[in-house]
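Annotated features, as they stand in TrEMBL:
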ACT_SITE  Glu355  active site, proton donor
ACT_SITE  His386  active site
ACT_SITE  Lys506  active site
Amino acid sequence: MSEHVSDSAEWQVLQGHAEKFSAVHLRELFGSEPGRGERLTATVADLTVDYSKNLVTDEVLTALIALGEKAKLRERIAAMFAGEHINVTEDRAVLHTALRLPRTAKLVVDGQDVVADVHEVLGRMGAFSDKVRSGEWKGHTGQRIRTIVNIGIGGSDLGPVMAYEALQAYKSREIQCRFVSNIDPTDLHLKTHDLDPATTLFVVVSKTFTTQETLTNAKEARSWLLQGLGGDQAAVAKHFVAVSTNAQKVADFGIDTDNMFGFWDWVGGRYSLPSAVGLSVMIAIGKEQFAELLGGYHAVDEHFRTAPLESNVPALLGLINVWYDTFLGAQSHAILPYSQYLHRFAAYLQQLTMESNGKSVRLDGSPVSFQTGEVFWGEPGTNGQHAFYQLIHQGTKLIPADFIGFAQPNHDIGEMHDLFMSNFLAQTRALAFGRTLDEVEAEGADKKVAPHRVMQGNHPTTTIVAEKLTPAVLGQLIALYEHITFTQGTVWQINSFDQWGVELGKVMANQLAPKLTAPGAAAGDDDSSTNSLVQWYRTARGR
Ligand SMILES: O=P(O)(O)OC[C@H]1O[C@H](O)[C@H](O)[C@@H](O)[C@@H]1O
């Protein structure tokens, strides 16, 4: 890449704004413009996004949009949607947006009709999930399936489990799903010990089908199944299906490729929920509601693809994140859904955002000279209020926070929901405007205690609301964050679609495994810390 965005005049303008910015307070921004709240609220599909409580002036927003133009954000969006190989380190297209294209759309990439491929797999998934849901699909002993155990990790786990939890109100009562990811055998034990193998279906999900955790769990699960069903190998075909891009490895494992649902190398693991990776979710909610989820994604995709940067919601939010991270020095970003259904959403976004943008070299291989990525974290409200909000309210750190809430509760305990949502609204207000010393003293507080009760305010938040958490709205929310992440990566000129940083630990784990287990193996050729920890483990395990 010839030119670095961080060397541009547009970048310097923002640095200049950042230097002056400590003097700006949200109290003044709202005081000087009574209509700020309405003006800085945008809609995208069914989502309403109020970004007025962010630490931005119109000058900063204009400068951020100019930075987006400088980074050729619009061209990069077009390149992604068209299937150009923007994942340069793996020489791949990045086409998760194609997974949610309607059947009538046209997209040919590298000579392949992508839409036809996507809908062929969706059709097979739909037929299979219908059979499992209706009970037509029988286990080895002739009983219907009651429990799906999804075995996968990273993108092959976090999306499905997050969406399954989020869409509890839409799932079949006949079937439950469980999710096994960790190679800690406790995970598999806890999820299977009370199950009947005769009514259990394992969905083994792995893009590569080489992931140690998933294959190890799947092997254990197969032994558990065979032991429970009398050892007949034929049982595997009725109780194991695979989701992967790697048919050969699936066959090697012993799963019939007739029972495999494929996807493609242009789907990154952390973007894969709308592919066959979402099979367990489709079984839970049915193919029609899964189609609504995809439709929700697509509505936000279309907005991101076509809207000018000034009114492009994911682009604006991504640029505002760049403002915080790179120019104002924020280190983290809180995700605070006021919905128990979204209790795994922050965990999901951790992989999406941190695996995508935790990079320190640009696309051209040069080291970045600024901060990239954010530590994403959070818990559903109001639990967080009674735990870590103190640090956001009165601590010294800059923590932009996203508040996500819904008007309708998805159940009929409505009055409690009103109280819940009043907390949701109160928090962003308290964070923005705080409470001054004068106000504290006017309330008659003791002089000594008064400074401790001051709330400085000026803590930025974005409020994202929708009428109800539906499958479509969930798709919209996920696509919103995918495109926010893309926007940030584009400005930083990094590759948001590879993940080389996770490789070294995997290699080292494979090297260390024999030292932990082989009788008499020497544990002396690593660093002194690792050597003594290996020794400790061997001694503790009597080896
Ligand atoms: O789906 P798999 O090939 O099993 O990969 C599962 C996960 O493992 C890797 O280590 C990657 O960092 C993730 O991006 C991926 O989602």
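Every residue gets a Cβ built from N, Cα and C, even glycine.
Keep in mind that TrEMBL annotations are predicted by a computer and have not been checked by a curator.
Note that this is a predicted model, so its numbers are computed, not measured.
Feature annotations (TrEMBL) mapped to structure.
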residue : record                    : Cβ within 10 Å
Glu355  : active site, proton donor : 22
His386  : active site               : 9
Lys506  : active site               : 13
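Separation of the C-alpha atoms of His386 (active site) and Lys506 (active site): 37 Å, rounded to the nearest whole number. In the three-state DSSP scheme, Glu355 (active site, proton donor) falls into the helix class. For the pair Glu355 (active site, proton donor) and Lys506 (active site), the Cα-Cα distance reads 15 Å.
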